[in-house]
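According to TrEMBL, the active site, proton donor annotation covers HIS33. Look at TrEMBL and you will find 26-33, 145-148, GLY174, 182-185 tagged as ATP binding site. Taken from TrEMBL, the feature (R)-pantoate binding site covers GLN57, GLN151. If you look up TrEMBL, you'll see GLN57 marked as beta-alanine binding site.
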Amino acid sequence: MKIIHTIAELRAWRKTVGTVAFVPTMGSLHAGHMSLIHAAKAAAEHTVVSIFVNRLQFGQGEDFDRYPRTLENDAALIAEQGGVDVIFAPDEKELYPNVIQQYQVTPPAIAEELCGAFRPGHFRGVATVVTKLFNIVEADIACFGKKDFQQLFVIQSMVKDLNMNIQILPVDTGRAEDGLALSSRNAFLTADQRNEAPRLYHHLSRMKAAIEAGDRDYSKLAVQAVTDLRVRGWHDIDYVDTRNAETLKAASNTDHKLVILIAARIGSTRLIDNIEVNLD
Ligand code: AMP
């Protein structure tokens with residue numbers, strides 16, 4: 001396994017190999033990332049994992065500075081799992097030689113809803129860095145986690161709309177035994193917060209069960225979840241929302257493929273999660 005830091009070296013390597021599956025990450029890897037890597041290895045002859053904490057997708061006052069950076073540990077984890085050809089870990093100057101990235105990819109209005117409403121410019125930052133990475137790696141397939149459902153949606157629609165020559169492979173959310181979605185940000189949680197954190201998944205599961213049992217009053221179900229989360233010390237509950245899983249628009253009573261999405265803060269840590277509901 002090689003660790004490559006420059007675009008030139010990555011491109012030189014890319015010319016020498018066949019099909020490539022790509023897993024873009026911000027590092028601080030956990031078992032959720034590992035399931036993406038597992039899927040990538042099965043999908044092509046070679047696998048590239050990128051590790052880059054992308055300043056462009058963080059807003060002012062967000063956790064860019066404290067975001068965990070653990071390259072050595074990440075490389076050891078990947079080496080242990082085996083089968084990855086390249087870790088691409090550029091520094092900021094390599095990817096953003098200009099102080100400001102002048103050309104950026106602006107996603108459509110749906111990216112200003114849900115997380116986008118609370119993190120202005122976030123998905124433009126994501127779409128821009130992913131486009132740059134796609135242009136550098138020239139992979140055949142890229143794996144993205146359903147944990148970041150709106151991000152997956154933005155990337156899938158960007159690839160379609162801009163005719164990018166790459167296939168997107170969605171990967172199911174990896175969870176701890178108590179249901180908490182694995183996330184690099186879980187490292188910020190105190191022991192008490194970690195005990196409380198699975199509540200998000202608990203509410204998603206309850207809402208899903210209610211909808212499957214025929215309850216279509218999505219806003220009542222959301223209010224019930226929000227009320228309980230507040231009582232238990234959660235704050236800045238950005239949204240609890242049921243959407244059409246294929247369009248990400250507000251769910252109607254006749255939709256069959258739904259996704260319930262949630263974002264809330266516990267202590268200083270913002271967590272997101274979602275669950276799909278298939279009524280077919
Ligand atoms: P990040 O390093 O958080 O930017 O995530 C990199 C990729 O890993 C994204 O495609 C995420 O959706 C995915 N990912 C993060 N956490 C999980 C998880 N718990 N299960 C599956 N995929 C995940």
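Glycine is treated like the rest: Cβ placed from N, Cα and C.
Just so you know, TrEMBL annotations never went through curation; they're auto-generated.
Structure coloured by features recorded in TrEMBL.
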| residue | record | DSSP class |
| --- | --- | --- |
| MET26 | ATP binding site | coil |
| GLY32 | ATP binding site | helix |
| GLN57 | (R)-pantoate binding site | helix |
| LYS146 | ATP binding site | helix |
| GLN151 | (R)-pantoate binding site | helix |
| GLY174 | ATP binding site | coil |
| SER184 | ATP binding site | helix |
Cα proximity to GLY174 (ATP binding site), best match among recorded positions HIS33, GLN57, GLN151:
HIS33
For ligand 1, which among the recorded positions MET26, LEU29, GLY32, HIS33, GLY174 have a CB under 6 Å from it?
MET26, GLY32, HIS33, GLY174
Can you tell me which of the recorded positions MET26, LEU29, GLY32, HIS33, SER184 is spatially closest to GLN57 ((R)-pantoate binding site)? Compare CA atoms only.
MET26
Fewest-neighbour residue among binding-site residues, criterion Cβ within 10 Å, set GLY32, GLY174:
GLY174
Comparing the recorded positions HIS33, LYS146, which residue's C-beta has the most other C-beta atoms within 10 angstroms in this structure?
HIS33
Around the Cβ of GLN57 ((R)-pantoate binding site), the count of other Cβ atoms that are within 10 Å:
21
Given the binding-site residues GLN151, SER184, and counting only Cβ atoms in the protein chains shown, which has the most within 10 Å of its Cβ?
GLN151
Whole-number Å value for how far GLN151 ((R)-pantoate binding site) lies from MET26 (ATP binding site) (Cα to Cα):
14
Could you tell me the C-alpha distance between the residue listed as 'active site, proton donor' and GLN151 ((R)-pantoate binding site) in angstrom, no decimals?
15
Provide, as an integer number of angstrom, the distance between the C-alpha atoms of GLN151 ((R)-pantoate binding site) and GLY32 (ATP binding site).
16
